[in-house]
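These notes are about the structure you will find just below.
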Amino acid sequence: MSREARFPDRPGIPVSLYSLIVVMAVERLVLLGGMVPPPLATAPLFLLLLALSCVLVRRVGSEVVALTVFVAASATIALFASSARSSSLERAACVLARTPPSACTYRVSSDSAASTGGYRSRAVACVDGEAVADVWLSSKDELRAGDVVRCVGRFRSNSDDEWGRSNRGRGIMGSVSAVRVVSRGSDDGALAPLRAFREDVISDIVSQGSDGSTVLAGCLCGYRGALKEREVDRLFSTCGVSHLIAVSGTHIAIVAELVAMVMSRIGARRLVSAVVLLLSIGSFVLFCGAPPSAVRAGLMSVVASGAALAGRRGQSLSAVCAVAIPLCLVEPCLSCEVGFLLSVVAVASLCLFAPYAAYVIEVLFSSEAASRWASRRRWGRRALETLSGARRALAVTLVAQVATAPIIVSNFSEISLVAPFTNLLVSPFVAIVVALGVASCLLRPAPWASFVLVRTASVIGDAVVAVLRAVSACPFSSVSVSASEGVAFAVFFGLSLALLIWWPRVNARLVRHVMLAVFVGSACLLFRWRFFAPARVCVLDVGQGDAILVQDGSSAILVDVGPDDSVVQELQSLHVLHLDAVVVTHLHGDHYGGFDSLSRGIGCDRVLVARGVSSGFARIESGALARTAPEGVGELGLGDALDCGGFHLRVVWPESDVDGTQNAHSLELVLSYDEGGRSMTGLLTGDAERDETGEVVDSGRVGRIDFLKVGHHGSRVCLTPSETKALSPLLSVASAGEGNSYGHPSEEAVDMLEDVGSRFFCTKDVGRVVVAPGSGGLEVSCERVPEPLPDVA
């Protein structure tokens, strides 16, 4: 710019923001933390705080006392509301526990999403026509919001774990598995015509059958079923742009802009325009299923319109609080809804910090000389305006990402590193998709025009998905980060408070030097992990499945990829940037199910399977192969060998061609390392059991070893006593999921291995196990053991 960047004023913080923070914190403590005092006990607490405030009024001033009283009153009311809600949930749980599911009616409140063995949706359980509580309703058929279902099934109350407590906090008191749907109808209430219209719109959009059509259905109708089925939602999450397909303030703003444009063209009065605007926004919120984030945004529009009609300047932060506080007090469970929490935190943070972030970006990335030169030319002035808009958009994205990071990290254990760039890239096109979608709904009476608009929006959506797919394939597009929500929020609030108090001017040269140092340091770390990784064998913690990483220097091979995308999180935690090959031992889902997820930022050169299995794997993973493994599928037979840095892997089973459908078809690999005075030997078994491993031992293809990856998750039939004696592993590791229904690992397998002096670990107990060759034995470390284990020798 030709002038110095304007330093923003320190934002004023309304009393209502303190109240909102306290209300949500108290409600979360009660509903998630179980701090439930009797509701009547809150009245004496309020009176005590009021009396204390009166005593302090002369010492600290009336403003501080007013703030204290207001916040104390808010906390007391929130405590009363959340305690009463908690008590009602407990009563509801008792009613559901003693009432058979067949005696209940379930009003589906959210579109179902694909899950294991069918679909799952949120529904309101009703007994004798009265709503009792929300439940998860699982069925073989896809259900839509507004459906009314009666079924024969099984009810299971919330378990006493993190998932169960999260459900309770959200007002969901258990799960119903529908064995047979007895009847299915539609709610005949006042919203029935709107729901029917929504159903028609969704059907027309999804019938396009493309990724772009699923984006349109999600943005316009709040329908995420097709997004999940085609795994497009995962792309948005990896790239940090999930908010673009979650109906919220952005979408409300687009609808408002379209309505305002129409009202302006026809010359409508301000009052008429405001009424039409509010009716349009209300209809849109109901049309898309009334998610909490959209309700919040819609009510903020009501507040803003009311302020405009009254001739008063709207205060965004005060409007957020004026909307969020009543919503949380009326329904305390909203404080535990992740979507609502993300929406409120993001908007409040933007009100506080977006101007300062824009100032910092302008100081760092503007040149006075270049701006002066460009301002003398017409195209230069337009370019400066475009850059200014891009800087503001980047500031908004950065503030929103930093503010919501505590919630994202604690709930999803993942954070996107490409979000600012991706938002700038695709946000304008998603806005066009929404605008075209709204226009297509208005032109439904003209089917050809509506079809053209839907088709155009789908094509643009396809382009957005293609961009996201390319971005998500970059290394470290997203990284795994885990943190306690309390700790994450404490850090965020501490840093926010420090910034609000300090509110410093930016020294551009100093900040640029710091950024350069961070960049150089990050580049050095990436270079180190890509080309100089330590020699190690890592049994990854992927739940009920297998995934073993063999790595040395610039080489890395993954043996099996687990059941789902948890393998990517594990690899990122180990700083793995690339895989030379993926070996799939056999075609069971818990060994290859996570393969497609490797396309998001890691990838591999090729896939290797047993002889006879390549056609079957290519058929199952045809789409994922094209995205993940450019060299395609190769086959391994008895005696074939692979080198991975200093590691040597040799195939010792199967002896002939197989189709990969049985445990007995699993590839077994003997592993060895001997370099620089360090050595180790091992056996990787897949799901091979005692018959197959016995053949390998009896044939002399393997003898005594240092390390054993126990076959078939440590089942009863994985080994025999004679086999364990012949192998005599110093260390044995089984991979199994916590609470698995198979009882893996079995006591028999553990006892057999410990009887020959082997030290036994299972990933469900200790997490990821890392084994490295040492000069005096194996060097072993476990994820959930506080201190490194002594060498195993």
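Cβ from N, Cα, C; glycine included.
Packing against the transmembrane segment (12-34) from elsewhere in the chain are residues 66-67, 70-71, 74-75, 77-79, 81-83, 85-86, 165-166, 168-169, 315, 317-318, 320-322, 324-325, 328-329, 332-333, 335-336, 341, 344, 348, 352, 500: each is 6 or more residues past its ends and has a CB under 8 Å from a CB in it. The transmembrane segment annotation in TrEMBL covers 12-34 (among others).
The annotation transmembrane segment is assigned in TrEMBL to 40-57 (among others).
The transmembrane segment annotation in TrEMBL covers 64-84 (among others).
Positions annotated as transmembrane segment by TrEMBL: 240-259 (among others).
Here the transmembrane segment (271-287) has Cβ contacts under 8 Å with residues 191, 194, 197-198, 221, 247, 251-252, 255-256, 259-260, 263-264, 294-295, 297-298, 301-302, 305, 308-309, 438 of the same chain, all six or more residues outside its ends. Under the heading transmembrane segment, TrEMBL lists 271-287 (among others).
Outside the transmembrane segment (340-365), and at least 6 residues removed from its termini, the chain residues within Cβ reach (under 8 Å) are 1, 5-8, 11, 13, 17, 20, 24, 243, 248-249, 292-293, 296-297, 300, 316-317, 320-321, 324, 327, 334, 391-392, 394-396, 398-400, 402-404, 407-408, 496, 499-500, 503, 506, 508, 511-512, 515. Residues or ranges marked as transmembrane segment by TrEMBL: 340-365 (among others).
Beyond the transmembrane segment (386-409), the same-chain residues lying 6 or more positions past its ends with a Cβ under 8 Å from any Cβ of the stretch are 240, 243, 338, 341-342, 345-346, 348-350, 353-354, 357-358, 360-362, 365, 415-416, 419-420, 423-424, 427, 481-483, 485, 488-489, 491-492. According to TrEMBL, the transmembrane segment annotation covers 386-409 (among others).
Listed by sequence, the residues of this chain that lie at least six past the ends of the transmembrane segment (421-443) yet keep a Cβ under 8 A from its Cβ atoms are 201, 205, 212, 215-216, 219-220, 239-241, 244-245, 250-251, 254-255, 258, 284, 390, 393-394, 397, 449-451, 453-454, 456-457, 460-461, 463-464, 467-468, 471. Look at TrEMBL and you will find 421-443 (among others) tagged as transmembrane segment.
For the transmembrane segment (452-471), same-chain residues at least 6 beyond its ends with a Cβ under 8 Å from one of its own Cβ atoms are 204-205, 208, 210-216, 232, 235-236, 238-239, 241, 418, 421-422, 425-426, 429-430, 432-433, 436-437, 439-440, 443, 477, 627. If you look up TrEMBL, you'll see 452-471 (among others) marked as transmembrane segment.
Counting residues 6+ beyond its ends, the transmembrane segment (483-503) has Cβ neighbours under 8 Å at 10-11, 13, 349, 352-353, 356, 402-403, 405-407, 409-411 in the same chain. What TrEMBL lists as transmembrane segment is 483-503 (among others).
If you look up TrEMBL, you'll see 510-529 (among others) marked as transmembrane segment.
Per TrEMBL, domain 'Metallo-beta-lactamase' is recorded for 544-738.
For the transmembrane segment (510-529), the list of distant contacts is 360, 363-364, 475-476, 575-577: same-chain residues at least six beyond its ends, Cβ to Cβ under 8 Å. The average pLDDT computed over the domain 'Metallo-beta-lactamase' (544-738) stands at 91.
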